[in-house]
């Protein structure tokens, strides 16, 4: 017997969960017909479509709003909650003994990588990584003030230095979040006219190219391509971010740790944020190790610190040191790649495209990707990076831009 299809609900039907449904079904909690089919497949033991319940959960999460009279409606992003619960709990469990510490500190990066590839495959924005970074920084600073400072091994100047480093890192992060510089239709029209006038001139100099962030040969015409998604003619080295849904000027990559793209307007500030974080992290790790393992050198104390598990407070600090080392190591790798790319005048997007098209080559164990398109030498590449045009920088930052 063929099952009768689910009929659309009446407007006054109080039992329907859909509410008002428009043509795109953007105001419904779920698709009743899809949910009915999913339940029937579940009762029959048949494999379900993978996106049915994920879309239902995502749509329910999107509809959980928090009203605020000053900043307007804010959506409640559920991905910010797990780091606030898991980080303190897992680190305190890992501090019980050495075996638990090894297991948890090994599994935690693997879980983060798995979640990254899951969200990267779905091309969706998430606040999980930004929440993880900010809460880890705040929790490490909290333990530093409550566990290390009362021991009396840290001077007031060292506390002020560590606090200043953390504040400078947060300020630099806020400036990085102001925007990567998106391609805009009005400014693009002005840019096309300026480019056409420049192409008519045969006296094109390198200094002009460096100031505009575009390197090409003398008298060479700019190649402008139309974005198939935005339907905008984008300037050279711009790229479309499928996560942000916009074209970014001189796009480098979409960084999940700041939940934003890195482009022409914030690339320098992004590298500065990484540098400040690394310096502050290394300094904080050295202060903690000197306090809990005063008789050992810094490198020896990380591997061998006698009696560190005799007290739970010292064991917790030692576990947090290793947690900080793991995070710092990952960001140090990112920082080194950024320095190499700037030195070669290549963005991460251009490097990936060159490798995919087999037009670039790897050197030095894959750290360097040579494309041969924009490099003018080490010194000139850095001059271009430090003086490139910032006319397309984002507007002033507001509270909603932080997420």
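Glycine is treated like the rest: Cβ placed from N, Cα and C.
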> Hey, in Swiss-Prot do residue 114 and residue 376 share a topological domain, i.e. the same side of the membrane?
Replying inline: yes
> Looking at the ranges 248-268, 269-289, 290-310, 353-373, which is given as transmembrane segment in Swiss-Prot?
Replying inline: 269-289
>> Among the residue ranges 320-340, 383-403, I'd like the one that Swiss-Prot describes as transmembrane segment.
In response: 320-340
> Looking only at residues six or more beyond either end of the topological domain 'Cytoplasmic' (114-125), which have a C-beta under 8 A from one in the stretch?
Replying inline: 242-244, 256, 259
>> With Cβ-Cβ distances below 8 Å as the criterion, list the same-chain residues six or more beyond the ends of the transmembrane segment (126-146) that contact it, or say none.
In response: 77, 79-84, 87-88, 91, 112, 115-116, 119, 159, 162-163, 166, 169-170, 256-259, 277, 284, 287-288, 316-317, 320, 323-324, 327, 403
>> Could you tell me the mean pLDDT the prediction assigns to the topological domain 'Cytoplasmic' (114-125)?
In response: 80
> Apart from its near flanks, which chain residues at least 6 from the ends of the topological domain 'Lumenal' (290-319) lie with a Cβ under 8 angstroms of it?
Replying inline: 91-92, 94-98, 101, 105, 143, 147-148, 151, 153-154, 325
> Where else in the chain does the transmembrane segment (93-113) make close Cβ contacts, counting only residues six or more beyond its ends and a cut-off under 8 Å?
Replying inline: 129, 132, 309, 312, 315-316, 318-319, 322-323, 326, 330
>> Is it possible to list how many residues within the topological domain 'Cytoplasmic' (114-125) are helical, extended or coil according to DSSP?
In response: 9 helix, 0 strand, 3 coil
>> At a 10 Å cut-off from the C-beta of residue 255 (active site, S-palmitoyl cysteine intermediate), count the other C-beta atoms across all protein chains.
In response: 20
